[in-house]
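Visitor: The structure that follows is given in the form of structure tokens.
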Amino acid sequence: MANYFNTLNLRQQLAQLGKCRFMARDEFADEAGYLKGKKVVIVGCGAQGLNQGLNMRDSGLDVAYALRKEAIAEKRASWRKATENGFKVGTYEELIPQADLVVNLTPDKQHSAVVQAVQPLMKDGAALGYSHGFNIVEVGEQVRKDITVVMVAPKCPGTEVREEYKRGFGVPTLIAVHPENDPKGEGMAIAKAWAAATGGHRAGVLESSFVAEVKSDLMGEQTILCGMLQAGSLLCFDKLVSEGTDAAYAEKLIQFGWETITEALKQGGITLMMDRLSNPAKLRAYALSEQLKEIMAPLFQKHMDDIISGEFSSGMMADWANDDKKLLNWREETGKTAFENAPQFEGKISEQEYFDHGVLMIAMVKAGVELAFETMVDSGIIEESAYYESLHELPLIANTIARKRLYEMNVVISDTAEYGNYLFANAAVPLLKGKFMDSLQAGDLGKSVAGTAVDNAQLRDVNEAIRNHPIEAVGHKLRGYMTDMKRIAVAG
């Protein structure tokens, strides 16, 4: 199999990278109707598998789970989760031949084996669904021509997909039809019904492509969503402790600081996040973010280039073939860091203190979000896709750190995201550790910015620069569909 994207000519590559249309609410008037009365079989019962299945069943669909024989015989976690929630469970051979839609929600590294196992069992004219297009785009999986291949990609972890549905809402979602596999022209109808069944139509749906979803998803998770949070956590903790800050306080400031800071980002974009600072602190955060963007732009561009070319995917798949040697080593190294092993702080940190004492962290968020967005757009990805894969998902990932530090983030995200996270963080930490971190001033981290003097013209220009960044305009539009967003921060 060959990387699908690399088999396309330049015009085709650009067309698929740039495929992005924000769908109108009335396009989902039939909601999940197209799939009602049909059999949906989900392969895999992890976070996305279970929670999407629960939503689909509550939306009136006939949902069952196909698991490997050994998973059923040994009553593994996937079998227990499916049966405890009242779903029908069977082997591939028992359930796949009956399915109108087979939804593959296993980890990326298992996709080829799963697809090759289920394809011969699928009836003529059935549909195959994904929630991430890595197997189609990067692996280049060939699917039988009578099978329709679609994607519904919620832009949140599986737990959030369920919680938002239970609240009568949903999470923003990308949908796509593989152009090589839509023999009956029903792919979009299937994808729309599946998205509606998970509740995604209530929060906004983008009609995208497998290519655009994969390339933007990989870029977001490697850089701002995971890599920048990991690098920032390690750098900020070590800096605070080296300057005499109590390790427990430093740990709590960082662990819960990302979540508190990005809650403002979620509600009102970079503008609101920066507005939580005093005017002197805002000016300092802006200056630091501009420095960070200049230093890190080549690193962000390298990650985007390696994602576009397939270099990243080929490297990761080589590690799969080597029993995840690099991934497991990086995971072990992260577990040994001082931040991960710091004592817990029993005291209280107020919400505003996280902002006042986290000017550098705010600068890192601003720089990372803007760089990820700009780099994706410069590579042909449409602004709406770039927004969802940078700013939108950041509070959700920050929330995982608030639960159990970097360990929890790396457990919750996919192995693909975790691998890319380590690649980025392992380069970003030494890049920033020396000259930049050594140049920090009192008030950048762990203390409030001193002084009150502000130049009006400078403040005016900085405010205009923040509010006029393209991500703020597209964010304002997309957040209009998410007016019922719940508050997720739990800092204290």
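Yeah, the Cβs are placed from backbone N, Cα and C, and that goes for glycine too.
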Visitor: Which one of ASP182, ASP217, ASP238 goes with GLU389, GLU393 at the Mg(2+) 2 site, as Swiss-Prot has it?
Guide: ASP217
Visitor: Given that Swiss-Prot annotates CYS45, GLY46, ALA47, GLN48, ARG68, ARG76, SER78, ASP108, LYS109, GLN110 as NADP(+)-binding, name the residue from GLY140, GLY158, GLY168, GLY170 that shares the site.
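Guide: Of GLY140, GLY158, GLY168, GLY170, GLY158 joins CYS45, GLY46, ALA47, GLN48, ARG68, ARG76, SER78, ASP108, LYS109, GLN110 in the NADP(+) site that Swiss-Prot records.
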Visitor: For a quick check of understanding: among the recorded positions ARG68, LYS109, HIS132, which residue's Cβ has the most other Cβ atoms within 10 Å?
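Guide: That would be HIS132, with the highest Cβ count within 10 Å.
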Visitor: How many neighbouring Cβ atoms, not counting its own, are there within 10 Å of the Cβ of GLY158 (NADP(+) binding site)?
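Guide: By my count, 22.
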Visitor: What number of additional C-beta atoms lies within 10 angstroms of the C-beta atom of ALA47 (NADP(+) binding site)?
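Guide: Within a 10 Å radius of the Cβ of ALA47 (NADP(+) binding site) lie 18 other Cβ atoms.
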Visitor: How big is the Cα-to-Cα gap, in Å, between CYS45 (NADP(+) binding site) and HIS132 (active site)?
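Guide: For CYS45 (NADP(+) binding site) versus HIS132 (active site), the Cα atoms are 15 Å apart.
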Visitor: Can you give me the Cα-Cα distance between LYS109 (NADP(+) binding site) and GLU393 (Mg(2+) 2 binding site) in Å, rounded to a whole number?
Guide: 23
Visitor: Rounded to the nearest angstrom, how far is the Cα of GLU221 (Mg(2+) 1 binding site) from the Cα of ALA47 (NADP(+) binding site)?
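Guide: Rounded to the nearest whole number, the Cα-Cα distance is 17 Å.
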Visitor: Does DSSP put LYS109 (NADP(+) binding site) in a helix, in a strand, or in coil?
Guide: helix
